[in-house]
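Trainee: Would you mind keeping the following structure in view while I ask a few things?
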Amino acid sequence: MYFLECYSELEYFDGQKKEKRHETMKISLKSFAQIVLAGICTGMFFAVRSFSAIRLSPHIETESSLLWAFAPLSEIGLYVGIAIILLVGCWLLYSSIYARWYGISFSRVLALDAATYLPLCALTISVAQFNTFLTHHFEAFLLLGQDFGYFVLVCTLIGVYHLKKSNHQQLQRIVVQKNIIPYCANSQLTWQRILTIFLISLFIYLLVGLRITHKLPLGGDEPHYLLMTHSLLHDHDLAISNNYQQKDYQPFYPGELKPHLSIGKDKTRYSIHPIGLPFLLVPGYALYGRQGAVWVMNVLAAFLAIVLYLLAWSLTGHQWLSLLIWAVTSFTTPILLYSSQLYPEIPSALLLGTVYYLIRFRPLKRVFSAIFLGGSFAFLPWLQQRMILPTCLLALYYLFLAGIVPGQKEWKRRFTGLRILPLIFLAVSGILMAGYYYQIYGNPFPNAPYLSIGRKHVFSSTIFIREGLLGLLLDQEAGLFIFSPYYLFAIPGFLLFLQRAWRHALVWLALILSIYIPCAGFVMQWRGAWSPAARYLVALIPLFLVPFSMMLPVLQRNIFRYALFFLMTISFSWSYLFLKIPCLSLMSRDGINMVFEQYSRLVDLTKYFPSFTPTATNNTALAGFWLTTILLFSGWVYASTCLPSRSGALRSRQSLQQVLLVFGVMLGFLLALSRIAAHTQNKALTYISHNKQIQGFLRHLDNDVLALQSRQAQLRLSSEQLRLEYMREPRTAIASQQGSRFLITGPREPFSQGKYTVYFTLIVGVCTPDQPVATLDISAHHGQQIFFQKELYGKDFPAPRQEVRIPVTFELPFNVLDLETRVYFHNQVNLTLTNIAIEPQLEDFYYRAGLLALYKGQYEKARHLFSCATSISDHALSWYQLGLLEQRVKNWEQSLKILQQVIEQDPTFADAYYRVGLAFEQLGQSEQAQQAFSQATRLQSRHLDAWQARLNLLPPDHQAEIQEIRQTINALYRPQYSASVNFGNQIMFLGYTIQQPKPGTLHLEYYWKAISPMKTDYIVFVHFENAHTRFQQDHTPQVRDASTGQERLYPTSSWQVGELVHEEFEFSVPPGVFTLRLGIWDPHGTKKHLPIINSDSQYDIEKRYKLVLEPIEIY
């Protein structure tokens, strides 16, 4: 019995172990399945980004207005596979490190950590854009397939981080309560830290300045401020009428500068702009012109960065939190961009922030401090008239805090004289300013420059209420919250400010309103035209930083910390985009965000953000929705600071539920915004974004799904549906007003290689038949490269004052980055240009895509694409390629029908006759084959294959003809070393001859054959190399002219299919043993080498495009 009991116990424990192993295996499989699921979703997310689509014309009757071009399944599988491998690697590596570091079971960490990747499953929402029902009712889903989808990725990564943090708390069994940035209670403010901040800021701003000056010309008020600086430096006065007349601005502004003048009491012309900034720019401008002036702005911006850091440190006492605030405010819009712009905004922000900081946080105890504060007080109004009111409010605030006002005794009485000194500076400055305006304009008030030109009012309550009140914050082109949304936390910060120090908060609010209200109602462009966004709020950034800094240390909930990180990510993304393409930062579209406009490929993004313009309609609901969302979020953030903070670690399931809840709220926000945007003013897709999506679509025309869908009649694309439109409104040129000139140039957009037809719609006045009207040209690189040019005369217009549509066909032999369609007006007769439209010749794009498929060995895909080309028009080259594909599979009868059709379209196509002869030969019709081969040799006397085919078909009794053909072949082709090397399915290298007729001289001959029609002029490169010497013999192909006997250039674009090209060269070379490397490349378009597809085994190949020939010894 004892043994039986022991056996039973052993059996019980063994069963427990098996059950435990089984449970562990279940956990492992479940964890691995979670990782695989997250990997599939992540891979699909990135695969979706490779799909292209186009919005079809509204008149096309289809199930959906969108036509998608999906990537092949193999490509999607590659994305998914890579994503799974990367996630599995991250999962195993993280779990291994964590388990070893904390001494926790590896299997337990694996099981817990696998669930942290589940937020990545939310990326599957990007697939919703393919559901026509969803996209019809909620168009915002289409945003997820564009670059904005990466913000969804950021949100899911934040969710992953949140779950990992929750797991960490759960595994360690500790309560983690710490701020978003480590708290440094004992940190002290040191001059070394301040100097480091200054140098880092200055270095970054100098780089930004170099980028801006290189990419952006001066615009807006910048050239006028710089011209005032020039007048101060060289003329020693402010009367700049003569400077405009002498065009002293040309070194920094090449165009015609329209004067910004005011009229003095003695009729002298002065600038309407304040004089403070030009005085600051004089040293830099004297040193290095415009770039020197930008350096001055960089230095001032670096000092502003110090002020921002000091304010943050004074309000938080956190070393790292202060550094974060300094970094995010100094290196995002608007400070980052205006650090290199010649506007008074940066100096205004610097002095305003300095005065506020000194008044509130640094009681005066030294004469130098009083002089510095007084100087800042005194100079601030000279920068901008709108700085006068906040300067006065700051003076009152200073009186309040300094104890000069009765009832306030915060500072010691022995500093009374010192405290009055800044006010003396301010009073003297005010007297001098009044005297300056009175001396020049006869009026001591600061609005004197505007009154001198008849502008009595610079503030409009109508503009303030309808446009500027919310526009300065929410306008899609100028709003601060659009480009730096993290400032939203300043709103709950203000409520916290009121709670803690309501008197200081009310003074802060008065300072904000003293600048905000005049700017919001400014009648002369409240946005600040042709300048980066949020121009008039730059001076308020130091003040906005106060509640923002107060809010950050009390953010206890993770969700608000993540929201702050997400909004900061958006802000830095804007900064990156503006530095990458600086022109996008300019406010030049009258309320339309240029970035939203250009990225509106499938969805009109401009409908999702309010635009406060005089003509905007149906904008109230959208603005109300954004405003309500912001206020609700701000109230939620503020309320969280009033509630007790939670302690303890959440379980993984609870954390996952929180993440899902947040994702649900964000999805609901997106759906609500989509529905509201659908009922706002429909601005429609702008031509810029529409053209961009068409050009992107054309680059993916070789897609399988697109080729398949294009077979269907109801979805068959036409060139008209892919029309690229230009011009928003007609342009008219009146004769004898400004002389001959360009009526229009542009759009300077990228265009892919291919054929196009451009339509110019013109209206001409009364003219004679021979009278020149205009010149039309298609060019690139600002007219340096002309693709087409045509002169128009009166005879080209059937009747005066009637629209005439003039078509022009041109071909781009390579991709062009800045194509222009230009109309040059000859100043002979009145001319109106109403429209320019460019249509791609779709059959040519299908043909090029088919050639690409052939190169990749995708023959069925190539067949589909060539068929699409032939369905649009009788594209002879596409028919020809279809005939070759039929011969490739030995379908000789079908190839004969197709190639005979090619000959009907182009009777001079020699290689088509040769291919017809091959078909006849295979079908046993020798006589017809011989006739076809003979016709090929008559059309192209150097068609080696046709001569060889004729020779092979001749019977033995035709000795005379056989001998004649052999002599012809020997004359055409007699290489010393034969070869058969295919370069890119375009050119075949057939061999070469190399001889040395005398010492130091080399005789080289090359033999080439054109495999397919070419539009590119390739270059042949030949490298001679040994251990000590290297020289090249790169050249454009050339042949010997039969009539003159001289060598002439024969570019590859002139080669005919099947033609044998024989080159001969003789040149001096140094002695030695050399290895020859030969290849072909495109120096103009792609700048790439033609790859070697197949070659004789006797030759080596390097880097897939270099053919290594036999070594040669030269003596």
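Cβ coordinates come from backbone N, Cα and C, glycine included.
Just so you know, TrEMBL annotations are computer predictions that nobody has curated.
Feature table excerpt (TrEMBL):
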{"type": "TRANSMEM", "residues": "27-48", "note": "transmembrane segment"}
{"type": "TRANSMEM", "residues": "109-128", "note": "transmembrane segment"}
{"type": "TRANSMEM", "residues": "270-288", "note": "transmembrane segment"}
{"type": "TRANSMEM", "residues": "295-315", "note": "transmembrane segment"}
{"type": "TRANSMEM", "residues": "335-359", "note": "transmembrane segment"}
{"type": "TRANSMEM", "residues": "366-382", "note": "transmembrane segment"}
{"type": "TRANSMEM", "residues": "388-406", "note": "transmembrane segment"}
{"type": "TRANSMEM", "residues": "478-498", "note": "transmembrane segment"}
{"type": "TRANSMEM", "residues": "505-524", "note": "transmembrane segment"}
{"type": "TRANSMEM", "residues": "536-555", "note": "transmembrane segment"}
{"type": "TRANSMEM", "residues": "620-639", "note": "transmembrane segment"}
{"type": "TRANSMEM", "residues": "659-678", "note": "transmembrane segment"}
{"type": "REPEAT", "residues": "876-909", "note": "repeat 'TPR'"}
{"type": "REPEAT", "residues": "910-943", "note": "repeat 'TPR'"}
Trainee: I need to check the long-range neighbours of the transmembrane segment (478-498): which residues 6 or more away from its ends have a CB within less than 8 Å of a CB in the stretch?
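Mentor: For the transmembrane segment (478-498), the nonlocal Cβ contacts are 328, 332-334, 471-472, 504-506, 508-509, 527-528, 533-535, 537, 544-552, 554, 564, 567-568, 570-571, 574, 587, 593, 609, 630-631, 633-635, 637-638, 641.
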Trainee: Among 270-288, 295-315, 505-524, 620-639, 659-678, which stretch has the most Cβ pairs under 8 Å to the transmembrane segment (366-382)?
Mentor: 270-288
Trainee: Based on Cβ pairs under 8 Å, which of the stretches 270-288, 536-555, 659-678 lies most in contact with the transmembrane segment (295-315)?
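Mentor: So the stretch in question is 536-555.
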Trainee: Relative to the transmembrane segment (270-288), which of 27-48, 335-359, 505-524, 620-639, 659-678 accounts for the most Cβ pairs at distances under 8 Å?
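Mentor: Checked against 27-48, 335-359, 505-524, 620-639, 659-678; highest Cβ contact count belongs to 335-359.
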Trainee: Looking only at residues six or more beyond either end of the transmembrane segment (659-678), which have a C-beta under 8 A from one in the stretch?
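Mentor: Apart from its flanks, the transmembrane segment (659-678) reaches 119, 122, 125, 137-141, 155, 159, 162-163, 559, 607-608, 621-622, 625, 629.
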Trainee: Using DSSP, how many residues of the repeat 'TPR' (876-909) fall into helix, strand and coil, respectively?
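Mentor: Across the repeat 'TPR' (876-909), the residues distribute as 27 helix, 0 strand, 7 coil.
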Trainee: Could you tell me what the rest of the chain brings near the transmembrane segment (27-48), counting residues at least six beyond its ends with Cβ under 8 Å?
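Mentor: Non-local partners: 71, 75-76, 79-88, 91, 107, 110-111, 113-115, 117-118, 120-124, 126-127, 129, 145, 149, 152-153.
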Trainee: Along the repeat 'TPR' (910-943), what average pLDDT does this model show?
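Mentor: Mean per-residue confidence for the repeat 'TPR' (910-943): 91 out of 100.
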Trainee: Looking only at the repeat 'TPR' (910-943), how are its residues distributed among DSSP helix, strand and coil?
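Mentor: Going through the repeat 'TPR' (910-943) residue by residue, I get 27 helix, 1 strand, 6 coil.
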